[in-house]
């Protein structure tokens with residue numbers, strides 16, 4: 001599983017617009033449920049919670065969940081009492097979703113662990129605590145906290161794998177849709193750290209036959225060169241850089257895609273941008289990097305010359 005992080009996108013208009021759309025989805029899905037409340041009631045709000053965390057990170061995600069909770073329990077309240085504890089749980093659920101899912105490589109294991117902590121902290125502990133406090137305030141129940149906990153625990157154990165399965169499916173669909181709406185734009189000065197991280201990590205993974213010290217020793221020179229080059233970045237809907245291509249006139253100085261976004265046609269999309277701007281493209285590639293050579297062949301490049309270490313490949317319009 002990837003490292004958890006509290007980092008998230010900025011509070012800018014684009015991200016807040018996306019947040020508003022996902023809040024609407026959250027409110028709608030919260031109103032949809034199946035089952036008998038006396039036995040097992042199953043609602044679908046958790047799907048939107050996962051998507052909010054995946055797209056918006058922990059902080060915008062947390063506040064989006066707060067807005068959703070307030071709308072659902074005030075403006076669209078169907079008779080249930082508004083209790084601020086549930087609003088706190090909503091904020092925590094958004095933060096948890098962002099920590100586990102934002103900018104992460106989605107897998108079954110990731111979703112299972114995420115749903116476990118989500119259900120444990122917000123449903124098993126949080127909801128039980130708020131129900132207990134509400135019962136004390138209105139003297140409507142003689143149940144102790146532990147009694148309520150043991151009543152609710154079986155239901156949460158049943159819904160855990162179901163929630164995980166549906167959340168995983170929703171996340172995969174979102175990822176595929178997100179790739180369809182990616183944006184390619186010129187690199188900004190604020191992108192350099194992410195771009196250099198992709199450059200270093202990708203080179204270390206793609207070239208195990210090269211001494212790693214070579215990449216570390218040349219990183220500062222490459223950073224200066226990148227800032228002088230014509231660089232285009234593939235950016236997701238939430239402004240996360242997935243990869244980039246660097247051009248020096250018609251020479252492709254580098255094409256790099258972050259590991260978690262590879263095999264999603266992003267490299268081809270970036271190459272197409274370069275093809276639109278030039279009649280001819282040239283690049284160099286290590287002969288031992290057969291995966292890269294195959295990729296460039298598939299995109300119309302041909303080997304024009306080579307030595308014992310590298311091949312020069314050319315594309316003609």
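Sequential numbering from 1, following the chain as shown.
Positions of Cβ are set from backbone N, Cα and C atoms, glycine also.
Automated prediction, rather than curation, is the source of TrEMBL annotations.
TrEMBL lists 12-30 (among others) with the feature transmembrane segment.
Feature annotation from TrEMBL assigns transmembrane segment to 42-61 (among others). Only residues 6 or more beyond the boundaries of the transmembrane segment (42-61), in the same chain, are considered here, and those with a CB under 8 A from a CB of the stretch are 5-9, 11, 15-16, 18-19, 22-23, 25-26, 29-30, 32-35, 68, 93-104, 106, 111, 114-115, 118, 159, 162-163, 166-167, 170-171, 174, 178, 237-238.
Residues 4-8, 49-50, 52-66, 68-70, 73-74, 110, 113-114, 117-118, 121-122, 126-127, 129-130, 133-134, 171 of the same chain lie 6 or more positions beyond the ends of the transmembrane segment (81-102) yet place their CB under 8 Å from a CB of it. According to TrEMBL, the feature transmembrane segment maps to 81-102 (among others).
Long-range Cβ contacts of the transmembrane segment (114-137) within its own chain (Cβ-Cβ under 8 Å, at least 6 residues beyond either end) map to 46, 49-50, 81, 83, 85-86, 88-90, 92-93, 96-97, 100-101, 143-145, 148-149, 152-153, 156, 159-160, 163-164, 167. What TrEMBL records for 114-137 (among others) is transmembrane segment.
Marked as transmembrane segment by TrEMBL: 157-179 (among others).
Per TrEMBL, domain 'N-acetyltransferase' is recorded for 182-317. Residues belonging to the domain 'N-acetyltransferase' (182-317) score a mean pLDDT of 92 in the model.
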Counting by DSSP, what is the helix, strand and coil composition of the domain 'N-acetyltransferase' (182-317)? 59 helix, 44 strand, 33 coil
